[in-house]
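Engineer: This is the structure, below, for whatever I ask next.
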Amino acid sequence: MAMNGSETGPPPDMKLSEAENGGGTKSRPLVETTTINTPFGRKGDCIQVTMRLLCIVSSVIALSFMVTARQASALTIFGFKLPVSSKWSYSNSFEYLVGVTAAVAAHSLLQLLIGASRLLRKSPVIPSRTHAWLIFVGDQVFAYLMVGAGSAASGTTNLNRTGIRHSALPNFCKALHSFCDHVAVSIAFTFISCILLAASAVQEVMWLSMSKY
(Lines of atoms letter the chains of each structure in order from A and count residues from 1; the text may use other names and numbers.)
(Lines give C-alpha, C1' and ligand atoms only; values in the text may rest on other atoms or scores of the structure.)
Protein backbone atom coordinates (compact mmCIF):
# COMPACT_ATOMS: atom_id res chain seq x y z
CA MET A 1 0.00 0.00 0.00
CA ALA A 2 2.96 2.34 0.29
CA MET A 3 3.15 4.82 -2.57
CA ASN A 4 6.39 5.70 -4.29
CA GLY A 5 7.41 9.38 -3.87
CA SER A 6 8.09 9.75 -7.57
CA GLU A 7 4.41 9.09 -8.38
CA THR A 8 3.19 12.16 -6.48
CA GLY A 9 5.34 14.73 -8.36
CA PRO A 10 4.71 16.10 -11.85
CA PRO A 11 6.11 14.17 -14.78
CA PRO A 12 9.55 15.24 -16.00
CA ASP A 13 8.22 16.34 -19.36
CA MET A 14 5.77 18.73 -17.66
CA LYS A 15 8.63 20.39 -15.73
CA LEU A 16 10.58 20.77 -18.94
CA SER A 17 7.59 22.33 -20.67
CA GLU A 18 7.09 24.85 -17.87
CA ALA A 19 10.76 25.76 -17.90
CA GLU A 20 10.68 26.40 -21.65
CA ASN A 21 7.61 28.60 -21.28
CA GLY A 22 9.25 30.64 -18.55
CA GLY A 23 7.20 29.27 -15.70
CA GLY A 24 3.73 29.42 -17.28
CA THR A 25 1.72 32.62 -17.32
CA LYS A 26 3.79 34.33 -14.62
CA SER A 27 6.37 35.55 -17.14
CA ARG A 28 3.85 37.35 -19.38
CA PRO A 29 4.16 41.17 -19.35
CA LEU A 30 1.66 42.89 -17.13
CA VAL A 31 1.66 46.14 -19.17
CA GLU A 32 0.45 46.12 -22.75
CA THR A 33 2.06 48.54 -25.19
CA THR A 34 -0.14 50.80 -27.28
CA THR A 35 0.56 51.86 -30.85
CA ILE A 36 0.39 55.63 -31.36
CA ASN A 37 -0.78 56.92 -34.69
CA THR A 38 2.05 58.86 -36.38
CA PRO A 39 1.28 59.27 -40.10
CA PHE A 40 4.66 60.86 -40.94
CA GLY A 41 6.83 58.98 -38.46
CA ARG A 42 9.92 60.39 -36.76
CA LYS A 43 11.06 62.14 -39.94
CA GLY A 44 7.89 64.23 -40.05
CA ASP A 45 8.26 65.11 -36.37
CA CYS A 46 11.83 66.28 -36.94
CA ILE A 47 10.70 68.43 -39.88
CA GLN A 48 7.98 70.00 -37.72
CA VAL A 49 10.45 70.87 -34.95
CA THR A 50 12.99 72.20 -37.47
CA MET A 51 10.41 74.51 -39.05
CA ARG A 52 9.56 75.87 -35.59
CA LEU A 53 13.21 76.63 -34.97
CA LEU A 54 13.60 78.37 -38.34
CA CYS A 55 10.45 80.39 -37.69
CA ILE A 56 11.85 81.59 -34.36
CA VAL A 57 15.12 82.62 -36.02
CA SER A 58 13.43 84.52 -38.86
CA SER A 59 10.97 86.23 -36.51
CA VAL A 60 13.71 87.32 -34.11
CA ILE A 61 15.77 88.68 -37.02
CA ALA A 62 12.77 90.62 -38.33
CA LEU A 63 12.08 91.98 -34.86
CA SER A 64 15.72 92.90 -34.22
CA PHE A 65 16.21 94.78 -37.47
CA MET A 66 12.98 96.71 -37.02
CA VAL A 67 13.59 97.86 -33.44
CA THR A 68 17.09 98.99 -34.39
CA ALA A 69 15.84 101.00 -37.38
CA ARG A 70 16.65 104.60 -36.49
CA GLN A 71 18.78 107.30 -38.08
CA ALA A 72 19.29 111.05 -38.13
CA SER A 73 20.60 112.93 -41.16
CA ALA A 74 20.07 116.01 -43.34
CA LEU A 75 17.86 116.36 -46.41
CA THR A 76 18.13 118.96 -49.17
CA ILE A 77 14.85 120.44 -50.48
CA PHE A 78 14.96 123.31 -52.99
CA GLY A 79 18.55 124.01 -51.99
CA PHE A 80 17.80 124.13 -48.26
CA LYS A 81 19.30 121.58 -45.89
CA LEU A 82 16.82 120.29 -43.38
CA PRO A 83 17.62 117.93 -40.51
CA VAL A 84 15.56 114.75 -40.64
CA SER A 85 15.38 111.73 -38.38
CA SER A 86 13.36 108.56 -38.46
CA LYS A 87 12.61 105.74 -36.08
CA TRP A 88 10.49 102.62 -36.31
CA SER A 89 8.14 103.86 -33.59
CA TYR A 90 7.15 106.86 -35.73
CA SER A 91 5.07 104.60 -37.99
CA ASN A 92 2.00 102.63 -36.90
CA SER A 93 2.68 99.95 -39.52
CA PHE A 94 6.18 99.38 -38.17
CA GLU A 95 4.86 99.17 -34.61
CA TYR A 96 2.30 96.63 -35.79
CA LEU A 97 5.05 94.56 -37.41
CA VAL A 98 7.07 94.59 -34.18
CA GLY A 99 4.09 93.39 -32.16
CA VAL A 100 3.18 90.62 -34.60
CA THR A 101 6.74 89.31 -35.01
CA ALA A 102 7.16 89.23 -31.22
CA ALA A 103 3.92 87.24 -30.88
CA VAL A 104 4.97 84.81 -33.63
CA ALA A 105 8.37 84.30 -31.99
CA ALA A 106 6.67 83.49 -28.67
CA HIS A 107 4.18 81.13 -30.37
CA SER A 108 6.94 79.31 -32.25
CA LEU A 109 9.10 79.06 -29.12
CA LEU A 110 6.25 77.46 -27.18
CA GLN A 111 5.57 74.95 -29.96
CA LEU A 112 9.30 74.23 -30.25
CA LEU A 113 9.63 73.46 -26.54
CA ILE A 114 6.59 71.17 -26.62
CA GLY A 115 7.71 69.43 -29.80
CA ALA A 116 11.33 69.01 -28.74
CA SER A 117 10.35 67.56 -25.35
CA ARG A 118 8.05 65.04 -27.04
CA LEU A 119 10.74 64.21 -29.57
CA LEU A 120 13.28 63.52 -26.82
CA ARG A 121 10.77 61.26 -25.07
CA LYS A 122 10.21 59.47 -28.41
CA SER A 123 6.58 60.51 -28.37
CA PRO A 124 4.72 61.95 -31.41
CA VAL A 125 5.02 65.73 -31.72
CA ILE A 126 1.32 65.87 -32.66
CA PRO A 127 -0.32 63.43 -30.23
CA SER A 128 -3.99 63.85 -31.17
CA ARG A 129 -6.39 65.46 -33.61
CA THR A 130 -7.36 68.06 -31.00
CA HIS A 131 -3.75 69.15 -30.65
CA ALA A 132 -3.36 69.22 -34.44
CA TRP A 133 -6.42 71.45 -34.83
CA LEU A 134 -5.21 73.85 -32.15
CA ILE A 135 -1.76 74.41 -33.65
CA PHE A 136 -3.27 74.53 -37.16
CA VAL A 137 -5.58 77.38 -36.15
CA GLY A 138 -2.73 79.16 -34.38
CA ASP A 139 -0.41 78.86 -37.37
CA GLN A 140 -3.11 80.07 -39.75
CA VAL A 141 -3.97 83.12 -37.64
CA PHE A 142 -0.34 84.15 -37.17
CA ALA A 143 0.44 83.59 -40.87
CA TYR A 144 -2.36 85.99 -41.85
CA LEU A 145 -1.18 88.52 -39.28
CA MET A 146 2.35 88.33 -40.64
CA VAL A 147 1.10 88.89 -44.19
CA GLY A 148 -0.81 91.97 -43.06
CA ALA A 149 2.13 93.34 -41.08
CA GLY A 150 4.58 92.80 -43.92
CA SER A 151 2.25 94.35 -46.49
CA ALA A 152 1.55 97.44 -44.36
CA ALA A 153 5.25 97.95 -43.66
CA SER A 154 6.07 97.48 -47.34
CA GLY A 155 3.66 100.27 -48.31
CA THR A 156 5.26 102.69 -45.89
CA THR A 157 8.77 101.76 -47.01
CA ASN A 158 7.85 102.16 -50.67
CA LEU A 159 6.56 105.66 -49.91
CA ASN A 160 9.82 106.52 -48.17
CA ARG A 161 11.82 105.36 -51.18
CA THR A 162 9.80 106.94 -54.00
CA GLY A 163 8.26 109.96 -52.30
CA ILE A 164 4.97 111.38 -53.55
CA ARG A 165 4.72 112.25 -57.22
CA HIS A 166 3.87 115.83 -58.25
CA SER A 167 4.91 117.10 -54.84
CA ALA A 168 8.03 118.31 -53.09
CA LEU A 169 8.20 115.19 -50.89
CA PRO A 170 11.54 113.58 -51.81
CA ASN A 171 13.06 110.13 -51.49
CA PHE A 172 13.82 109.97 -47.77
CA CYS A 173 15.86 106.79 -48.17
CA LYS A 174 18.64 108.77 -49.88
CA ALA A 175 19.31 110.52 -46.62
CA LEU A 176 18.13 107.73 -44.32
CA HIS A 177 19.57 104.76 -46.19
CA SER A 178 20.56 102.83 -43.05
CA PHE A 179 17.04 103.17 -41.64
CA CYS A 180 15.46 101.99 -44.89
CA ASP A 181 17.86 99.05 -45.19
CA HIS A 182 16.98 97.86 -41.69
CA VAL A 183 13.30 98.07 -42.49
CA ALA A 184 13.73 96.20 -45.78
CA VAL A 185 15.57 93.32 -44.09
CA SER A 186 12.91 93.15 -41.38
CA ILE A 187 10.10 92.96 -43.94
CA ALA A 188 11.93 90.24 -45.89
CA PHE A 189 12.28 88.01 -42.82
CA THR A 190 8.67 88.75 -41.87
CA PHE A 191 7.52 87.13 -45.10
CA ILE A 192 9.94 84.23 -44.56
CA SER A 193 8.29 83.60 -41.17
CA CYS A 194 4.91 83.71 -42.87
CA ILE A 195 6.01 81.04 -45.37
CA LEU A 196 7.29 78.80 -42.56
CA LEU A 197 4.00 79.14 -40.66
CA ALA A 198 2.07 78.29 -43.83
CA ALA A 199 4.27 75.22 -44.38
CA SER A 200 3.59 74.06 -40.82
CA ALA A 201 -0.14 74.52 -41.39
CA VAL A 202 0.03 72.43 -44.58
CA GLN A 203 1.80 69.63 -42.72
CA GLU A 204 -0.86 69.71 -40.02
CA VAL A 205 -3.62 69.48 -42.64
CA MET A 206 -1.89 66.44 -44.17
CA TRP A 207 -1.58 64.93 -40.70
CA LEU A 208 -5.29 65.41 -40.08
CA SER A 209 -6.19 63.86 -43.43
CA MET A 210 -4.01 60.80 -42.82
CA SER A 211 -4.73 60.36 -39.12
CA LYS A 212 -7.22 57.72 -38.02
CA TYR A 213 -8.29 59.44 -34.81
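Just so you know, glycine gets a Cβ as well, placed from its N, Cα and C.
Curation plays no part in TrEMBL annotations; they are all automatic predictions.
So TrEMBL says this about it:
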DOMAIN    42-196  domain 'Casparian strip membrane protein'
REGION    1-35  region 'Disordered'
TRANSMEM  53-76  transmembrane segment
TRANSMEM  96-120  transmembrane segment
TRANSMEM  132-153  transmembrane segment
TRANSMEM  183-202  transmembrane segment
Engineer: What else in the chain is close to the transmembrane segment (132-153), if you only count residues 6 or more beyond its ends and a Cβ gap under 8 Å?
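Structural biologist: Tertiary neighbours of the transmembrane segment (132-153) are 66, 91, 93-94, 96-97, 100-101, 103-104, 107, 111, 126, 183, 186-187, 190-191, 193-194, 197-198, 200-201, 204-205, 207-208, 211.
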Engineer: Which residues of the chain, 6 or more past the ends of the transmembrane segment (96-120), have a CB below 8 A from one of its CBs?
Structural biologist: 42, 45-46, 48-49, 52-53, 55-56, 59-60, 62-63, 66-67, 88, 127, 135, 138, 142, 145-146, 148-150, 152-153, 186-187, 190, 193, 197
